[in-house]
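Novice: A single structure is presented below for examination.
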């Protein structure tokens, strides 16, 4: 009985694992950043309720991290079609590394955004001049996830280059 499967039969496992890792780790970072920053916003809102909307920036920035993971997961999952084209271990490992790069960068950025957001909004309630500094630190923390997204896209684009089909 012949199989219509092209390539290594275990390779899609690694590809799908990369897609899952991108989404799961990025969403873990987004959830942690949102929760930690949200606690700071709630605590600060008791003292200075007029600053709540201004202090929601870290929560929004943390939420973007999940979108980065979603983008990579979609890119990876659309690149896995072993019936149409050969999918080899090289391709699976490229997708796995792509997902891990984006996901773990998103997780670390979410932790940084959560910690900075929590402390930053509380400090901003006491000294409004700290707002710009807090935003700059949050931008640099968000950039870490953006680096992971860029590297993830580059690594994902390497899949399919293992053999000349």
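Backbone N, Cα and C define each Cβ position, glycine as well.
Grabbed the feature section from TrEMBL, which reads as follows:
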TRANSMEM  12-35  transmembrane segment
DOMAIN    17-76  domain 'V-ATPase proteolipid subunit C-like'
TRANSMEM  56-76  transmembrane segment
TRANSMEM  96-118  transmembrane segment
DOMAIN    97-155  domain 'V-ATPase proteolipid subunit C-like'
TRANSMEM  130-155  transmembrane segment
Novice: By Cβ distance under 8 Å, which residues at least 6 away from the ends of the transmembrane segment (130-155) in the same chain are close to it?
Specialist: 22, 26, 29, 54, 57-58, 61, 64-65, 68, 71-72, 75, 94-95, 97-99, 101-106, 108-110, 112-113, 116-117, 120-121, 123-124
Novice: So what's the mean pLDDT when you look at the domain 'V-ATPase proteolipid subunit C-like' (17-76)?
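Specialist: The average pLDDT of the model in the domain 'V-ATPase proteolipid subunit C-like' (17-76) works out to 94.
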Novice: So how many of the residues in the domain 'V-ATPase proteolipid subunit C-like' (97-155) end up helix, strand or coil by DSSP?
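Specialist: When I sort the residues of the domain 'V-ATPase proteolipid subunit C-like' (97-155) into the three classes, I find 58 helix, 0 strand, 1 coil.
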